[in-house]
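Asks: Handing you a structure now.
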Amino acid sequence: ERVRAMFYHAYEHYLESAFPYDELRPLTCDGQDTWGSFSLTLIDALDTLLILGNVSEFQRVVHVLQEGVDFDIDVNASVFETNIRVVGGLLSAHLLSRKAGVEVEAGWPCSGPLLRMAEEAARKLLPAFQTPTGMPYGTVNLLHGVNPGETPVTCTAGIGTFIVEFATLSHLTGDPVFEDVARKALKALWKNRSDIGLVGNHIDVITAKWVAQDAGIGAGVDSYFEYLVKGAILLQDSQLMSMFLEYNKAIKNYTKFDDWYLWVQMYKGTVSMPVFQSLEAYWPGLQSLIGDIDNAMRTFLNYYTVWKQFGGLPEFYNIPQGYTVDKREGYPLRPELIESAMYLYRATRDPTLLELGRDAVESIERISKVDCGFATIKDLRDHRLDNRMESFFLAETIKYLYLLFDPDNFIHNDGSAFDVVLTPHGECVLGAGGYVFNTEAHPIDPAALHCCRRRREEQWELEDLMREFYSLKKTKKFTLERPSDHGEVESAKDSEDAEKAGGKTNSKKSLHSLLSCPSQSFNSKLAVLGQVFLDNT
(Lines of atoms letter the chains of each structure in order from A; the text may use other names.)
(Lines give C-alpha, C1' and ligand atoms only; values in the text may rest on other atoms or scores of the structure.)
Protein backbone atom coordinates (compact mmCIF):
# COMPACT_ATOMS: atom_id res chain seq x y z
CA GLU A 1 0.00 0.00 0.00
CA ARG A 2 2.91 2.36 0.63
CA VAL A 3 4.24 1.65 -2.87
CA ARG A 4 0.77 2.27 -4.31
CA ALA A 5 0.65 5.62 -2.50
CA MET A 6 4.07 6.51 -3.90
CA PHE A 7 2.82 5.81 -7.40
CA TYR A 8 -0.23 8.04 -7.09
CA HIS A 9 1.72 10.86 -5.45
CA ALA A 10 3.99 10.95 -8.51
CA TYR A 11 1.37 10.12 -11.16
CA GLU A 12 -1.26 12.62 -10.06
CA HIS A 13 1.29 15.43 -9.89
CA TYR A 14 2.49 14.54 -13.37
CA LEU A 15 -1.09 14.82 -14.67
CA GLU A 16 -1.73 18.02 -12.75
CA SER A 17 1.54 19.86 -13.39
CA ALA A 18 3.36 18.29 -16.37
CA PHE A 19 1.00 16.59 -18.85
CA PRO A 20 1.25 16.62 -21.90
CA TYR A 21 5.01 17.06 -21.55
CA ASP A 22 7.22 13.96 -21.37
CA GLU A 23 8.30 14.33 -17.76
CA LEU A 24 7.50 16.03 -14.48
CA ARG A 25 9.91 18.55 -12.97
CA PRO A 26 9.05 17.97 -9.31
CA LEU A 27 10.93 20.88 -7.73
CA THR A 28 9.23 23.53 -9.88
CA CYS A 29 5.95 21.65 -10.40
CA ASP A 30 5.99 21.87 -14.19
CA GLY A 31 6.90 19.69 -17.14
CA GLN A 32 9.51 19.24 -19.85
CA ASP A 33 9.96 17.27 -23.07
CA THR A 34 13.00 15.03 -22.96
CA TRP A 35 12.79 12.10 -25.36
CA GLY A 36 10.55 13.35 -28.17
CA SER A 37 7.33 14.99 -26.95
CA PHE A 38 5.19 11.85 -26.64
CA SER A 39 3.63 12.44 -23.19
CA LEU A 40 6.18 9.80 -22.31
CA THR A 41 5.39 9.39 -18.62
CA LEU A 42 1.77 8.59 -19.50
CA ILE A 43 2.79 5.86 -21.96
CA ASP A 44 5.38 4.48 -19.55
CA ALA A 45 2.97 4.39 -16.60
CA LEU A 46 0.05 2.82 -18.45
CA ASP A 47 0.67 -0.87 -17.73
CA THR A 48 1.67 -0.01 -14.14
CA LEU A 49 -1.89 1.28 -13.67
CA LEU A 50 -3.28 -2.15 -14.50
CA ILE A 51 -0.74 -3.95 -12.32
CA LEU A 52 -1.96 -1.74 -9.47
CA GLY A 53 -5.55 -2.70 -10.40
CA ASN A 54 -6.77 0.67 -11.74
CA VAL A 55 -8.76 -0.39 -14.81
CA SER A 56 -10.80 2.84 -15.10
CA GLU A 57 -7.72 5.06 -15.35
CA PHE A 58 -6.11 2.61 -17.76
CA GLN A 59 -9.16 2.91 -20.02
CA ARG A 60 -9.14 6.72 -19.78
CA VAL A 61 -5.44 6.95 -20.64
CA VAL A 62 -5.83 4.63 -23.64
CA HIS A 63 -8.42 7.07 -25.03
CA VAL A 64 -6.20 10.07 -24.26
CA LEU A 65 -3.22 8.53 -26.04
CA GLN A 66 -5.27 7.58 -29.10
CA GLU A 67 -6.51 11.15 -29.39
CA GLY A 68 -3.38 13.06 -28.45
CA VAL A 69 -0.15 11.31 -29.48
CA ASP A 70 1.30 12.10 -32.90
CA PHE A 71 4.52 10.58 -34.21
CA ASP A 72 4.53 12.58 -37.44
CA ILE A 73 6.58 15.38 -35.91
CA ASP A 74 9.86 17.14 -36.70
CA VAL A 75 11.73 15.84 -33.66
CA ASN A 76 15.11 14.14 -33.30
CA ALA A 77 14.44 11.08 -31.15
CA SER A 78 16.63 8.43 -29.57
CA VAL A 79 16.04 5.18 -31.46
CA PHE A 80 16.77 3.15 -28.32
CA GLU A 81 14.63 5.16 -25.90
CA THR A 82 11.70 5.47 -28.31
CA ASN A 83 11.72 1.72 -28.78
CA ILE A 84 11.90 0.63 -25.14
CA ARG A 85 9.58 3.31 -23.72
CA VAL A 86 7.10 4.12 -26.50
CA VAL A 87 6.95 0.98 -28.69
CA GLY A 88 7.34 -1.29 -25.65
CA GLY A 89 4.80 0.62 -23.57
CA LEU A 90 2.20 0.64 -26.33
CA LEU A 91 2.67 -3.07 -27.14
CA SER A 92 2.32 -4.05 -23.49
CA ALA A 93 -0.79 -1.89 -23.04
CA HIS A 94 -2.26 -3.33 -26.26
CA LEU A 95 -1.81 -6.89 -25.03
CA LEU A 96 -3.25 -6.02 -21.60
CA SER A 97 -6.22 -4.04 -22.97
CA ARG A 98 -8.76 -6.85 -22.78
CA LYS A 99 -7.75 -7.67 -19.20
CA ALA A 100 -8.24 -3.97 -18.37
CA GLY A 101 -11.82 -4.04 -19.66
CA VAL A 102 -11.14 -2.11 -22.85
CA GLU A 103 -13.58 -3.02 -25.61
CA VAL A 104 -11.21 -4.55 -28.13
CA GLU A 105 -11.90 -4.67 -31.84
CA ALA A 106 -12.48 -7.81 -33.90
CA GLY A 107 -9.15 -9.39 -34.67
CA TRP A 108 -7.48 -8.47 -31.36
CA PRO A 109 -4.69 -9.13 -30.38
CA CYS A 110 -3.64 -9.10 -34.05
CA SER A 111 -5.12 -5.64 -34.50
CA GLY A 112 -6.07 -2.68 -32.37
CA PRO A 113 -5.44 1.06 -32.03
CA LEU A 114 -2.51 0.74 -29.60
CA LEU A 115 -0.89 -1.87 -31.84
CA ARG A 116 -1.24 0.47 -34.80
CA MET A 117 0.35 3.26 -32.76
CA ALA A 118 3.24 0.98 -31.77
CA GLU A 119 3.72 -0.02 -35.40
CA GLU A 120 3.65 3.61 -36.53
CA ALA A 121 6.29 4.55 -33.94
CA ALA A 122 8.47 1.59 -34.89
CA ARG A 123 8.27 2.43 -38.61
CA LYS A 124 9.62 5.87 -37.78
CA LEU A 125 12.71 4.13 -36.41
CA LEU A 126 13.36 1.85 -39.40
CA PRO A 127 15.41 4.41 -41.42
CA ALA A 128 18.05 4.25 -38.68
CA PHE A 129 18.75 0.61 -39.60
CA GLN A 130 19.63 1.42 -43.22
CA THR A 131 23.39 1.13 -42.76
CA PRO A 132 26.02 -1.09 -44.42
CA THR A 133 26.29 -3.18 -41.25
CA GLY A 134 22.61 -3.31 -40.31
CA MET A 135 23.48 -1.68 -36.99
CA PRO A 136 21.27 1.39 -36.41
CA TYR A 137 22.15 5.02 -35.91
CA GLY A 138 21.43 6.25 -32.40
CA THR A 139 19.14 9.12 -33.41
CA VAL A 140 16.48 9.55 -36.08
CA ASN A 141 14.26 12.45 -37.07
CA LEU A 142 10.67 11.22 -36.88
CA LEU A 143 9.66 13.29 -39.91
CA HIS A 144 12.73 13.22 -42.14
CA GLY A 145 14.66 10.09 -41.16
CA VAL A 146 18.37 10.11 -40.33
CA ASN A 147 19.89 13.59 -40.47
CA PRO A 148 22.73 13.93 -43.04
CA GLY A 149 25.27 14.89 -40.38
CA GLU A 150 24.24 12.25 -37.83
CA THR A 151 27.10 10.61 -35.96
CA PRO A 152 27.61 6.96 -36.91
CA VAL A 153 28.79 6.08 -33.40
CA THR A 154 26.20 4.13 -31.38
CA CYS A 155 26.47 2.33 -28.06
CA THR A 156 26.21 -1.45 -28.02
CA ALA A 157 22.91 -1.44 -26.11
CA GLY A 158 21.52 1.02 -28.66
CA ILE A 159 22.13 -1.62 -31.34
CA GLY A 160 21.15 -4.82 -29.54
CA THR A 161 17.97 -3.81 -27.68
CA PHE A 162 15.20 -4.31 -30.23
CA ILE A 163 14.41 -8.01 -30.55
CA VAL A 164 11.73 -8.13 -27.80
CA GLU A 165 9.63 -5.27 -29.15
CA PHE A 166 10.33 -5.74 -32.86
CA ALA A 167 9.76 -9.51 -32.88
CA THR A 168 6.50 -8.98 -30.99
CA LEU A 169 5.44 -6.42 -33.61
CA SER A 170 6.31 -8.77 -36.46
CA HIS A 171 4.39 -11.68 -34.93
CA LEU A 172 1.31 -9.57 -34.22
CA THR A 173 1.20 -7.64 -37.51
CA GLY A 174 2.54 -10.31 -39.86
CA ASP A 175 5.21 -7.92 -41.17
CA PRO A 176 8.65 -9.55 -40.79
CA VAL A 177 10.65 -6.35 -41.36
CA PHE A 178 10.85 -5.45 -37.67
CA GLU A 179 12.18 -8.79 -36.47
CA ASP A 180 14.50 -8.99 -39.47
CA VAL A 181 16.28 -5.69 -38.72
CA ALA A 182 16.52 -6.51 -35.00
CA ARG A 183 18.10 -9.89 -35.72
CA LYS A 184 20.51 -8.42 -38.25
CA ALA A 185 21.70 -5.87 -35.68
CA LEU A 186 22.17 -8.57 -33.02
CA LYS A 187 24.18 -10.72 -35.41
CA ALA A 188 26.36 -7.78 -36.47
CA LEU A 189 27.41 -7.23 -32.85
CA TRP A 190 28.08 -10.94 -32.45
CA LYS A 191 30.18 -10.98 -35.62
CA ASN A 192 32.29 -8.06 -34.36
CA ARG A 193 33.09 -9.39 -30.88
CA SER A 194 36.77 -9.60 -29.98
CA ASP A 195 38.89 -12.75 -30.18
CA ILE A 196 38.43 -13.22 -26.42
CA GLY A 197 34.65 -13.02 -26.80
CA LEU A 198 33.90 -9.49 -25.53
CA VAL A 199 32.15 -6.48 -27.04
CA GLY A 200 33.05 -2.85 -26.47
CA ASN A 201 30.94 0.11 -25.51
CA HIS A 202 30.52 2.15 -28.70
CA ILE A 203 30.90 1.17 -32.35
CA ASP A 204 30.81 2.94 -35.72
CA VAL A 205 27.72 1.55 -37.47
CA ILE A 206 29.14 2.34 -40.92
CA THR A 207 32.61 0.81 -40.59
CA ALA A 208 31.98 -1.63 -37.68
CA LYS A 209 35.08 -0.26 -35.93
CA TRP A 210 34.97 -0.13 -32.13
CA VAL A 211 35.28 3.46 -30.91
CA ALA A 212 35.08 2.77 -27.16
CA GLN A 213 36.74 -0.52 -26.28
CA ASP A 214 35.75 -0.88 -22.62
CA ALA A 215 33.95 -4.19 -22.05
CA GLY A 216 31.60 -4.80 -19.13
CA ILE A 217 27.99 -5.47 -18.21
CA GLY A 218 26.91 -1.89 -17.45
CA ALA A 219 26.05 1.37 -19.19
CA GLY A 220 26.19 1.25 -22.97
CA VAL A 221 26.18 -2.56 -23.10
CA ASP A 222 23.70 -3.81 -20.48
CA SER A 223 20.44 -4.44 -22.33
CA TYR A 224 22.20 -6.14 -25.27
CA PHE A 225 22.93 -9.09 -22.98
CA GLU A 226 19.49 -8.79 -21.40
CA TYR A 227 17.77 -9.03 -24.80
CA LEU A 228 19.74 -12.09 -25.89
CA VAL A 229 18.27 -13.93 -22.89
CA LYS A 230 14.79 -12.43 -23.06
CA GLY A 231 14.64 -12.78 -26.84
CA ALA A 232 15.61 -16.44 -26.47
CA ILE A 233 12.83 -16.99 -23.91
CA LEU A 234 10.20 -15.01 -25.81
CA LEU A 235 10.92 -16.64 -29.16
CA GLN A 236 12.15 -20.03 -27.87
CA ASP A 237 15.32 -19.32 -29.86
CA SER A 238 18.29 -21.49 -28.88
CA GLN A 239 20.67 -19.52 -31.09
CA LEU A 240 20.16 -16.31 -29.07
CA MET A 241 20.66 -18.21 -25.82
CA SER A 242 23.84 -19.82 -27.15
CA MET A 243 25.18 -16.37 -28.00
CA PHE A 244 24.51 -15.15 -24.46
CA LEU A 245 26.07 -18.21 -22.85
CA GLU A 246 29.25 -17.69 -24.87
CA TYR A 247 29.36 -14.04 -23.74
CA ASN A 248 28.69 -15.17 -20.18
CA LYS A 249 31.80 -17.36 -20.22
CA ALA A 250 33.96 -14.47 -21.41
CA ILE A 251 32.41 -12.10 -18.86
CA LYS A 252 33.18 -14.53 -16.03
CA ASN A 253 36.72 -15.14 -17.31
CA TYR A 254 37.75 -11.52 -17.79
CA THR A 255 35.52 -9.14 -15.83
CA LYS A 256 34.43 -11.00 -12.68
CA PHE A 257 36.40 -10.49 -9.45
CA ASP A 258 35.05 -11.57 -6.04
CA ASP A 259 31.43 -11.44 -7.30
CA TRP A 260 31.95 -7.91 -8.65
CA TYR A 261 32.13 -7.16 -12.36
CA LEU A 262 34.80 -4.69 -13.54
CA TRP A 263 35.41 -2.99 -16.88
CA VAL A 264 38.22 -4.40 -19.04
CA GLN A 265 39.84 -3.74 -22.41
CA MET A 266 37.83 -5.78 -24.92
CA TYR A 267 40.84 -7.19 -26.83
CA LYS A 268 43.29 -7.80 -23.95
CA GLY A 269 41.05 -8.36 -20.92
CA THR A 270 43.12 -5.95 -18.78
CA VAL A 271 41.19 -3.94 -16.18
CA SER A 272 40.36 -0.42 -17.38
CA MET A 273 37.89 0.69 -14.69
CA PRO A 274 37.47 -1.01 -11.28
CA VAL A 275 34.01 0.51 -11.04
CA PHE A 276 30.50 -0.71 -10.24
CA GLN A 277 27.78 1.20 -12.10
CA SER A 278 24.22 1.30 -10.82
CA LEU A 279 22.97 0.14 -14.24
CA GLU A 280 24.84 -3.15 -13.69
CA ALA A 281 22.44 -4.09 -10.88
CA TYR A 282 20.12 -5.80 -13.42
CA TRP A 283 22.69 -8.60 -13.78
CA PRO A 284 21.63 -10.77 -10.79
CA GLY A 285 18.05 -10.74 -12.11
CA LEU A 286 19.31 -11.80 -15.53
CA GLN A 287 21.38 -14.57 -13.94
CA SER A 288 18.23 -15.81 -12.22
CA LEU A 289 16.52 -16.17 -15.62
CA ILE A 290 19.16 -18.70 -16.69
CA GLY A 291 19.01 -20.50 -13.32
CA ASP A 292 22.34 -19.27 -11.94
CA ILE A 293 20.86 -18.43 -8.54
CA ASP A 294 23.93 -18.85 -6.30
CA ASN A 295 26.11 -16.47 -8.31
CA ALA A 296 23.19 -14.07 -8.65
CA MET A 297 22.63 -13.89 -4.90
CA ARG A 298 26.30 -13.32 -4.11
CA THR A 299 26.55 -10.45 -6.58
CA PHE A 300 23.22 -9.04 -5.40
CA LEU A 301 24.45 -8.94 -1.81
CA ASN A 302 27.55 -6.99 -2.91
CA TYR A 303 25.32 -4.42 -4.58
CA TYR A 304 23.01 -4.29 -1.56
CA THR A 305 25.94 -3.29 0.68
CA VAL A 306 26.42 -0.22 -1.54
CA TRP A 307 22.72 0.63 -1.22
CA LYS A 308 22.91 0.40 2.56
CA GLN A 309 26.01 2.61 2.57
CA PHE A 310 24.29 5.48 0.74
CA GLY A 311 20.53 4.88 0.78
CA GLY A 312 20.63 4.35 -2.97
CA LEU A 313 23.02 3.26 -5.72
CA PRO A 314 25.41 5.97 -6.97
CA GLU A 315 25.85 5.98 -10.74
CA PHE A 316 29.52 4.96 -10.29
CA TYR A 317 31.09 3.28 -7.25
CA ASN A 318 34.85 2.77 -6.98
CA ILE A 319 35.19 -0.81 -5.71
CA PRO A 320 38.77 -0.68 -4.28
CA GLN A 321 38.12 2.66 -2.55
CA GLY A 322 34.61 1.74 -1.42
CA TYR A 323 33.21 5.16 -2.33
CA THR A 324 31.52 7.20 -5.05
CA VAL A 325 33.28 8.45 -8.17
CA ASP A 326 33.59 12.21 -8.69
CA LYS A 327 30.63 13.69 -10.61
CA ARG A 328 28.86 10.32 -10.56
CA GLU A 329 27.34 10.52 -7.08
CA GLY A 330 23.70 10.77 -8.12
CA TYR A 331 20.80 8.31 -7.98
CA PRO A 332 17.99 9.08 -10.47
CA LEU A 333 15.64 6.56 -8.76
CA ARG A 334 16.78 3.73 -11.00
CA PRO A 335 15.03 0.32 -10.79
CA GLU A 336 17.80 -2.19 -11.52
CA LEU A 337 18.59 -3.43 -7.99
CA ILE A 338 14.87 -3.64 -7.16
CA GLU A 339 14.29 -5.48 -10.45
CA SER A 340 16.90 -8.08 -9.45
CA ALA A 341 15.33 -8.36 -6.00
CA MET A 342 11.94 -9.08 -7.55
CA TYR A 343 13.30 -11.82 -9.83
CA LEU A 344 15.39 -13.40 -7.09
CA TYR A 345 12.55 -13.32 -4.57
CA ARG A 346 10.36 -15.21 -7.04
CA ALA A 347 13.14 -17.80 -7.30
CA THR A 348 14.23 -18.11 -3.66
CA ARG A 349 11.72 -16.44 -1.28
CA ASP A 350 14.78 -15.18 0.62
CA PRO A 351 13.52 -12.50 3.09
CA THR A 352 16.72 -10.48 2.56
CA LEU A 353 15.22 -9.46 -0.77
CA LEU A 354 12.13 -8.07 0.95
CA GLU A 355 14.42 -6.11 3.24
CA LEU A 356 15.97 -4.44 0.18
CA GLY A 357 12.45 -3.55 -0.98
CA ARG A 358 11.62 -2.06 2.41
CA ASP A 359 14.90 -0.10 2.43
CA ALA A 360 14.15 1.23 -1.06
CA VAL A 361 10.71 2.45 -0.01
CA GLU A 362 12.18 4.12 3.10
CA SER A 363 15.06 5.75 1.22
CA ILE A 364 13.02 7.06 -1.69
CA GLU A 365 10.28 8.45 0.53
CA ARG A 366 12.69 10.00 3.02
CA ILE A 367 15.20 11.49 0.57
CA SER A 368 13.47 12.21 -2.73
CA LYS A 369 9.78 12.84 -1.95
CA VAL A 370 8.75 16.45 -2.50
CA ASP A 371 5.41 18.23 -2.74
CA CYS A 372 5.07 17.60 -6.49
CA GLY A 373 6.38 14.05 -6.80
CA PHE A 374 9.76 12.35 -6.39
CA ALA A 375 12.99 14.07 -7.43
CA THR A 376 16.21 12.62 -8.76
CA ILE A 377 18.89 12.53 -6.05
CA LYS A 378 21.73 14.63 -7.40
CA ASP A 379 24.24 13.59 -4.73
CA LEU A 380 23.81 10.63 -2.37
CA ARG A 381 26.42 12.03 0.01
CA ASP A 382 24.39 15.07 1.05
CA HIS A 383 20.99 14.19 -0.50
CA ARG A 384 20.79 17.23 -2.75
CA LEU A 385 18.00 16.89 -5.30
CA ASP A 386 17.68 17.56 -9.02
CA ASN A 387 14.60 18.90 -10.78
CA ARG A 388 13.69 15.76 -12.73
CA MET A 389 11.51 12.67 -12.36
CA GLU A 390 12.33 10.23 -15.15
CA SER A 391 9.45 8.27 -16.65
CA PHE A 392 11.12 4.99 -15.66
CA PHE A 393 10.35 5.76 -12.02
CA LEU A 394 6.67 4.94 -12.70
CA ALA A 395 7.34 2.37 -15.42
CA GLU A 396 9.98 0.33 -13.60
CA THR A 397 10.98 1.34 -10.07
CA ILE A 398 7.45 1.48 -8.67
CA LYS A 399 6.33 -1.54 -10.71
CA TYR A 400 9.12 -3.83 -9.54
CA LEU A 401 8.67 -2.67 -5.93
CA TYR A 402 4.95 -3.40 -6.11
CA LEU A 403 5.48 -6.82 -7.70
CA LEU A 404 8.09 -7.67 -5.06
CA PHE A 405 5.46 -7.16 -2.35
CA ASP A 406 2.42 -8.52 -4.25
CA PRO A 407 2.91 -12.28 -4.69
CA ASP A 408 -0.64 -12.77 -6.01
CA ASN A 409 -0.44 -10.25 -8.84
CA PHE A 410 -1.64 -11.54 -12.21
CA ILE A 411 1.86 -10.92 -13.59
CA HIS A 412 3.10 -13.79 -11.37
CA ASN A 413 0.57 -16.26 -12.82
CA ASP A 414 2.08 -19.75 -12.92
CA GLY A 415 -0.16 -20.99 -15.74
CA SER A 416 -2.95 -22.28 -13.50
CA ALA A 417 -5.33 -19.62 -14.87
CA PHE A 418 -5.64 -18.31 -18.41
CA ASP A 419 -8.04 -16.84 -20.95
CA VAL A 420 -9.03 -18.45 -24.22
CA VAL A 421 -9.66 -15.81 -26.87
CA LEU A 422 -11.28 -16.54 -30.21
CA THR A 423 -9.43 -14.72 -32.97
CA PRO A 424 -9.92 -14.77 -36.75
CA HIS A 425 -6.94 -17.13 -36.76
CA GLY A 426 -8.30 -19.66 -34.29
CA GLU A 427 -8.37 -20.04 -30.51
CA CYS A 428 -5.65 -18.29 -28.57
CA VAL A 429 -4.52 -18.78 -24.97
CA LEU A 430 -3.55 -15.54 -23.21
CA GLY A 431 -2.73 -14.40 -19.69
CA ALA A 432 -1.21 -17.70 -18.58
CA GLY A 433 1.89 -15.99 -17.17
CA GLY A 434 5.52 -16.18 -18.19
CA TYR A 435 5.51 -12.48 -19.02
CA VAL A 436 8.76 -11.20 -20.49
CA PHE A 437 9.61 -7.68 -19.34
CA ASN A 438 11.30 -5.42 -21.83
CA THR A 439 14.15 -3.32 -20.46
CA GLU A 440 11.65 -0.59 -19.46
CA ALA A 441 9.63 -3.17 -17.45
CA HIS A 442 6.80 -3.39 -19.98
CA PRO A 443 5.46 -6.98 -19.77
CA ILE A 444 4.92 -8.90 -23.01
CA ASP A 445 2.69 -12.00 -22.95
CA PRO A 446 4.72 -14.57 -24.92
CA ALA A 447 1.59 -16.56 -25.82
CA ALA A 448 0.30 -13.58 -27.81
CA LEU A 449 3.07 -14.09 -30.35
CA HIS A 450 1.36 -17.33 -31.40
CA CYS A 451 -2.12 -15.82 -31.78
CA CYS A 452 -1.56 -14.31 -35.20
CA ARG A 453 0.72 -16.85 -36.84
CA ARG A 454 -1.97 -18.45 -38.98
CA ARG A 455 -2.50 -15.20 -40.82
CA ARG A 456 0.63 -15.61 -42.90
CA GLU A 457 0.23 -19.38 -43.24
CA GLU A 458 -3.29 -18.95 -44.57
CA GLN A 459 -2.13 -16.20 -46.87
CA TRP A 460 0.47 -18.56 -48.36
CA GLU A 461 -2.13 -21.33 -48.59
CA LEU A 462 -4.49 -19.06 -50.50
CA GLU A 463 -1.72 -18.04 -52.86
CA ASP A 464 -0.96 -21.73 -53.41
CA LEU A 465 -4.61 -22.42 -54.13
CA MET A 466 -4.84 -19.60 -56.63
CA ARG A 467 -1.64 -20.63 -58.39
CA GLU A 468 -2.84 -24.21 -58.52
CA PHE A 469 -6.22 -23.07 -59.81
CA TYR A 470 -4.68 -21.01 -62.60
CA SER A 471 -2.39 -23.87 -63.66
CA LEU A 472 -5.26 -26.37 -63.56
CA LYS A 473 -7.50 -24.03 -65.48
CA LYS A 474 -4.96 -23.90 -68.26
CA THR A 475 -5.02 -27.69 -68.47
CA LYS A 476 -8.82 -27.81 -68.20
CA LYS A 477 -8.70 -29.48 -64.78
CA PHE A 478 -10.83 -27.73 -62.16
CA THR A 479 -10.44 -30.02 -59.14
CA LEU A 480 -8.94 -28.24 -56.13
CA GLU A 481 -7.84 -29.92 -52.92
CA ARG A 482 -6.94 -28.02 -49.78
CA PRO A 483 -3.69 -29.01 -48.08
CA SER A 484 -4.19 -31.02 -44.92
CA ASP A 485 -3.74 -29.40 -41.53
CA HIS A 486 -0.63 -31.52 -41.11
CA GLY A 487 0.75 -30.10 -44.33
CA GLU A 488 0.12 -26.55 -43.17
CA VAL A 489 1.97 -27.16 -39.91
CA GLU A 490 4.88 -28.76 -41.72
CA SER A 491 5.22 -25.88 -44.18
CA ALA A 492 5.13 -23.33 -41.36
CA LYS A 493 7.74 -25.27 -39.41
CA ASP A 494 9.98 -25.56 -42.46
CA SER A 495 9.64 -21.82 -42.96
CA GLU A 496 10.55 -21.10 -39.35
CA ASP A 497 13.55 -23.45 -39.52
CA ALA A 498 14.75 -21.69 -42.63
CA GLU A 499 14.37 -18.31 -40.93
CA LYS A 500 16.36 -19.50 -37.89
CA ALA A 501 19.07 -20.85 -40.14
CA GLY A 502 19.35 -17.42 -41.70
CA GLY A 503 18.63 -18.75 -45.16
CA LYS A 504 15.97 -17.83 -47.65
CA THR A 505 12.51 -19.03 -46.80
CA ASN A 506 9.89 -20.33 -49.19
CA SER A 507 9.34 -17.93 -52.07
CA LYS A 508 5.68 -17.72 -51.08
CA LYS A 509 6.70 -15.15 -48.47
CA SER A 510 7.95 -12.65 -50.97
CA LEU A 511 4.72 -12.42 -52.92
CA HIS A 512 2.35 -9.53 -52.48
CA SER A 513 -0.56 -10.36 -50.20
CA LEU A 514 -3.75 -11.42 -51.93
CA LEU A 515 -5.74 -11.01 -48.73
CA SER A 516 -7.08 -7.50 -48.46
CA CYS A 517 -9.06 -8.10 -45.26
CA PRO A 518 -6.73 -9.87 -42.83
CA SER A 519 -9.18 -9.50 -39.95
CA GLN A 520 -11.58 -11.88 -41.70
CA SER A 521 -10.67 -15.55 -41.88
CA PHE A 522 -11.25 -17.19 -45.25
CA ASN A 523 -11.76 -20.65 -43.74
CA SER A 524 -15.55 -20.64 -43.98
CA LYS A 525 -15.87 -19.46 -47.56
CA LEU A 526 -13.41 -18.97 -50.39
CA ALA A 527 -14.25 -17.80 -53.89
CA VAL A 528 -11.75 -17.97 -56.71
CA LEU A 529 -12.91 -16.65 -60.08
CA GLY A 530 -16.53 -17.17 -59.10
CA GLN A 531 -16.14 -20.74 -57.84
CA VAL A 532 -17.06 -21.01 -54.15
CA PHE A 533 -15.40 -23.47 -51.81
CA LEU A 534 -17.00 -24.17 -48.45
CA ASP A 535 -15.30 -25.51 -45.38
CA ASN A 536 -17.89 -27.34 -43.30
CA THR A 537 -15.43 -28.72 -40.78
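Using N, Cα and C of the backbone, Cβ positions are placed for all residues, glycine too.
Dumping what TrEMBL says about this protein:
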type     : residues : note
ACT_SITE : Asp222   : active site
ACT_SITE : Glu336   : active site
BINDING  : Thr439   : Ca(2+) binding site
COMPBIAS : 481-502  : compositional bias 'Basic and acidic residues'
REGION   : 481-511  : region 'Disordered'
Asks: Whole-number answer please: how many Å between the C-alpha atoms of Glu336 (active site) and the residue listed as 'Ca(2+) binding site'?
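Replies: Rounded to the nearest whole number, the Cα-Cα distance is 10 Å.
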Asks: Could you state the CA-to-CA distance between Thr439 (Ca(2+) binding site) and Asp222 (active site) to the nearest Å?
Replies: 10
Asks: 10 Å Cβ neighbour count around the residue listed as 'Ca(2+) binding site'?
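Replies: Other Cβ atoms found within 10 Å: 25.
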